[in-house]
């Protein structure tokens, strides 16, 4: 029989019954399908309405008399709890209807009667006209009645569905309502019995007192399977009474006649936290805020996951809901940010994990709340419908961050990190380890003899091979070998993620069997390790010392107890070996070798071999080392807390300032030793057997830290780092007349100057020295012949070193005269003479090309300055005048740079408004690269982001590799708004530059911090002047010797001709006697050189030729030398040769007399004049080279002009003047104060001095609280720039990069020559906060970026320029033509001033050119151009007048006048040229003045750059590449 789908399940069951049941009476359809009244349904299925009516056991918050509110396990019936709550909430709801209500009384009687009374407005005692019954009887005795059904009315009560009080009535054996209404002057009372099944008689009485309502009910406990109200349910009900007291404002709650001691929500929260403490035993901190009348929030820390106690309109939402999420999410979002900052690199923390540490108390009043059930434990209304908002204040958030939650999260993070780290360790000792490549495990490792095993950690695979060779002697049972891939991580400052992912560290832990957090104090714990010792085997150089230090730091940081067990030792190998016959001596430190040399006069007879690394040793030597293990194994010995302090000093991030003093004392100590002639301190003598950690740090590791500074921070004298100096040394030595490939030159540098690092970094150094685009070098020392990078990508677009060529710039030898080489102190490496300690240029190159580098303890940042201004200031100093202030300046930069405060500058790009919907950007801040700007600024503005809508509608690009031009379209409204805010701010065209870290090595090799650029200039001036004196002294000696030599030779020839001397057929000895008798001098030149005790470089190679015979024969050395006379050829006796010799003698004498009359200042001025003259020639050549590549060479002039005008600023644009606000200046001042404060703590390196001994001062210092000075790199607003910062290129190698930009010299729009100082008025608003603050902090590394951009000068003084420029007169005309800097190295001087010339068409007369000349552009003190004079008074030059005319026309110009900023280098001259070109073309409708301003003789001036950046692997030009290694 088939069943119909409607048949009930129980009938299906009947079908399966046996046949004998068929006879039984079947159930009728009526009994199967029933209809119940709603009252019956509620009683039959109570869980639908009030929740379960069965006993439930769970954890709940209750109130116990003896304990107070506590969280414990209770057994209760949810339905009973719910009906009580409904009445209680109704009483609280009355407060919303009647704000005057002030009291609720809850009474629980022994006979299970419960009474709840409130003095709010009574229920209307009036008959309902529709239902024909009194309202109290209607709402308490009839189902589905309520005052809450109008959803259009915004109610903030707990009632909603019309069930609440009726359900209490239905589940009570007796339910009495008593209410009095003053309004209706009646009192109503009625009782229902038998589950609302029977209503008693209604009582009505007249009433004139205060309103009140009292509900008394006796729960039908049989429905709840109970006999009486037990302790647990009463504890729950009492807690609800406390809830109401805490959540209902201004209402006194009485329980059984006693007032509850709760005075508001805050005191209610305290009841939960009574006796609760945090991990440290302190009472929990509570953060409280009454956000507004409808929201009140408290927050504290939770140790049991997320907890919340919340109320919505007095309903206890025990399961929370959207109101809790709404508040919690606000707090979590803020805390997550804080935790991420404090937990950089640790375990990733998610929002839910942060939430798990919070305990929120919330009391909310919400309009028409919705819940997921009648039990109302979870509020589901969306936040947008709350009817109010809860915006937590900053004060609350700040307090929340400090209340212990963040600390709790961080502790949890550490715990979690520890668990993850422990997974990397094995608690069990294994005999065999799998999965670690290159490990040669000791045979006994992990066995019972493991304590006797030693793990040898080597520096690289080659050192491992050496160790394995040595193991042939000592065997492999007790020795394992594992090669390190370089320097291991500094775990003290590493993030959790770094440690987790660092294979090297995890491998060491696995190999040795270490376990995190385990204390290896006793012998038993040591037996759990696979190896009893670690032996460190690295090269005996400074990088090898650093690896040793990092390993010591790794063990000390994680397992300090191991250091006390002599767990670490090192294996040392010789640095030098000397041998003679079969005798051999090994030295383990260079000072020891030098000491041996000084005590052994015959040391030259010994053969010397230098060992650069472990790879230099042969297998035979390795076996010798291991055979004499006692000599080569040095144990590290723990000597006490001073060892711990020393290790922390070297590696802790918090002890930056201590490290500074540590290094300063070391440098001072070393200087004192040199002055006193004492040998350097060294560690490894012939008898050294062990070493304390303190000695290792203070005598060996400090050498690495010091060399790190030497490699990263340039010298004040020549502005070069060692890598750059080696390149220059090699170039001088090669003296190439033809270009050479960069890759080949790098090989030559490595060979000639003992360069010990990677050739790739060397090639990058060479490229950086040759770069000349805007923002790189102002004066490139090498020529960029090929693609060396452009401003499009910041130099990263340079071609492969195999494809590009370079050679010395013609200016290099004028800057570093060869005459000075004899006064320099050359260094020796492996007994090979290499580069000098420093070169001594004729101008301070560190100011010309800037400097940037980060070493140990210090960082250096110096911007570029204008060559001519520097030359001019040196001339002023030579004349006894004070130098003029200088602003940073970058060659060919067309923006402006202004001073905000001392050593704080703002760099402005150029933007102009073309019409109501179009603007044009023609210059970006320094080191904001064109491509980067496009991707990071314009693209997001065009496409919008998740958070910001699009700002612009389109943009077009018209730039070349040297110029910038973006034409941007936007709506009128957006442009107007951007103008109001400030175009420079909106388009990120302002960056800041801070120069508060001008730290350089002085001439004695000590670090010195300079407060101002002029301090550097004065220091350089004093030293250079002294060296001109030394040069003169050397030249006088040399010329005197040469004059004497020629004099002797001439006399000898004359006397021979006259027959006074006969040399034919006479013994040599007799000849020598005759020469002595006749008063001839022994070779004067040779004698003078020997007196100098050194041979000049150029003659180093001639030793073997000229003087080989003399120097090799002992007789020659001991007696006088007359070979210079006797070796003269016979044809010197001819009349011509005799006359020539006499002429040479007279000329040399004249030269000597002339030199004697000159002062060192005269010599310097001569060098400066020659340099400036050549500078003009070089710049002229650059411009000429640029013009060669002009587009449309064979095209008509008009077409050519059209092409060029495309890349030049539009003549119709209205320049927007950058605005420097008071806020920006105030912020700059604040930063300076902050910086000064932190730097005072550090102390100036050079001055810290070393009064007490190094060690004592160090120990004192170690206790000092760590300083706060952290180094940040400045970053432009765009991400890419940050990369730039990495490299310190600015510091030396790249400083020269600016030539590319000058291709088209576009006059800055409406700019006037800089005249007076800082009062520049700017129309545009600047984003001081954004752009500035970030950038300044970068200070130490990136400040530079901004620096570069700033040609505009706010500082004054044109006067001086005149003097400096005199020599340049001729150059002006040349300049005009030579704007192009394509293949020629950028000329140093071009910076700002030189550029202007570019714009000059060939037509302009030389006069005009002079006026226009760089003089004007460059800024205050152009030094070498005749045009300078004019610069001082702008009116004099055509370009100036044109500018003025233009200015007068436009409103903005006037403002521009005040801001005498540094103008783009080509602005002045270019202005005049442009004007001409425009007026001639008559293409523009503008006034003449305007036309001139923008016109250029396109034909001559602008040549689109031939170079185009070539895509290739990015080159980090920013920092000196050598530094990358370290």
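Along the chain as shown, residues are numbered 1 onward.
Keep in mind that glycine also has a Cβ here, set from the backbone N, Cα and C atoms.
Other C-beta atoms found within 10 angstroms of the C-beta of residue 90 (ATP binding site) number 22, with every protein chain shown included. The ATP binding site annotation in Swiss-Prot covers 90, 118, 146-148, 159-166, 374-376.
Sequence-distant neighbours of residue 487 (site 'Interaction with DNA') (same chain, six or more apart, CB under 8 Å from its CB) are 543, 546, 547, 550, listed in sequence order. The site 'Interaction with DNA' annotation in Swiss-Prot covers 487 (among others).
What Swiss-Prot lists as site 'Interaction with DNA' is 490 (among others), and the listing cites sequence analysis. Secondary structure at residue 490 (site 'Interaction with DNA'), taken from DSSP and collapsed to helix, strand or coil, is coil. Listed in sequence order, 550, 553, 651 are the same-chain residues at least 6 apart in sequence whose CB falls under 8 Å from the CB of residue 490 (site 'Interaction with DNA').
All protein chains shown were included, and the count of other CB atoms within 10 Å of the CB of residue 659 (site 'Interaction with DNA') stands at 23. Look at Swiss-Prot and you will find 659 (among others) tagged as site 'Interaction with DNA'.
Marked as site 'Interaction with DNA' by Swiss-Prot: 660 (among others). Its own atom aside, the Cβ of residue 660 (site 'Interaction with DNA') has 26 Cβ atoms within 10 angstroms in the protein chains shown.
Residue 721 (site 'Interaction with DNA') counts 28 other C-beta atoms within 10 Å of its own C-beta, drawing on all protein chains shown. The annotation site 'Interaction with DNA' is assigned in Swiss-Prot to 721 (among others) on the grounds of sequence analysis.
What Swiss-Prot records for 755 (among others) is site 'Interaction with DNA', and it gives sequence analysis as the kind of evidence. Sequence-distant neighbours of residue 755 (site 'Interaction with DNA') (same chain, 6+ residues apart, CB-CB distance under 8 A): 723, 726, 749, 762.
Under DSSP, residue 761 (site 'Interaction with DNA') is assigned to a helix (H, G or I) in the three-state scheme. The annotation site 'Interaction with DNA' is assigned in Swiss-Prot to 761 (among others) on the grounds of sequence analysis.
Under the heading active site, O-(5'-phospho-DNA)-tyrosine intermediate, Swiss-Prot lists 803, citing sequence analysis as support. Following the DSSP three-state reduction, the secondary structure of residue 803 (active site, O-(5'-phospho-DNA)-tyrosine intermediate) is coil.
For 929 (among others), the entry in Swiss-Prot reads site 'Interaction with DNA'. Cβ neighbours within 10 Å of residue 929 (site 'Interaction with DNA'), excluding its own Cβ and spanning all shown chains: 29. DSSP assigns residue 929 (site 'Interaction with DNA') to coil, not to a helix or a strand.
Sequence annotations record features per position, and here Swiss-Prot assigns phosphoserine to 1291 (among others).
Marked as phosphoserine by Swiss-Prot: 1295 (among others).
What Swiss-Prot records for 1298 (among others) is phosphoserine.
The phosphothreonine annotation in Swiss-Prot covers 1323 (among others) and is backed by similarity to another entry.
Annotation comment: Swiss-Prot describes 1328 (among others) as phosphoserine, evidence class a large-scale study or a structure entry.
If you look up Swiss-Prot, you'll see 1333 (among others) marked as phosphoserine, on the strength of a large-scale study or a structure entry.
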Spatially speaking, which of the recorded sites 659, 660, 721, 761, 929 is closest to residue 146 (ATP binding site)? Use C-alpha to C-alpha, please.
929
Whose Cβ, among the recorded positions 146, 166, 375, 761, 803, has more other Cβ atoms within 10 Å than any of the rest?
166
Separation of alpha carbons, residue 803 (active site, O-(5'-phospho-DNA)-tyrosine intermediate) and residue 761 (site 'Interaction with DNA') (Å):
16
C-alpha spacing of residue 929 (site 'Interaction with DNA') relative to residue 90 (ATP binding site), in angstrom:
69
Distance check, please: Cα of residue 660 (site 'Interaction with DNA') against Cα of residue 164 (ATP binding site), rounded to an integer number of angstrom.
75
Can you figure out which of 659, 721, 803, 929 (the recorded positions) comes closest in space to residue 164 (ATP binding site), comparing Cα atoms?
929
According to DSSP, collapsed to three classes, what secondary structure does residue 90 (ATP binding site) have?
helix
For residue 721 (site 'Interaction with DNA'), what is the secondary structure by DSSP, using just helix, strand and coil?
coil
If one measures from the C-alpha of residue 659 (site 'Interaction with DNA') to the C-alpha of residue 803 (active site, O-(5'-phospho-DNA)-tyrosine intermediate), what distance in angstrom results, rounded to a whole number?
43
Would you mind checking how many other C-beta atoms are within 10 angstroms of the C-beta on residue 164 (ATP binding site)?
27
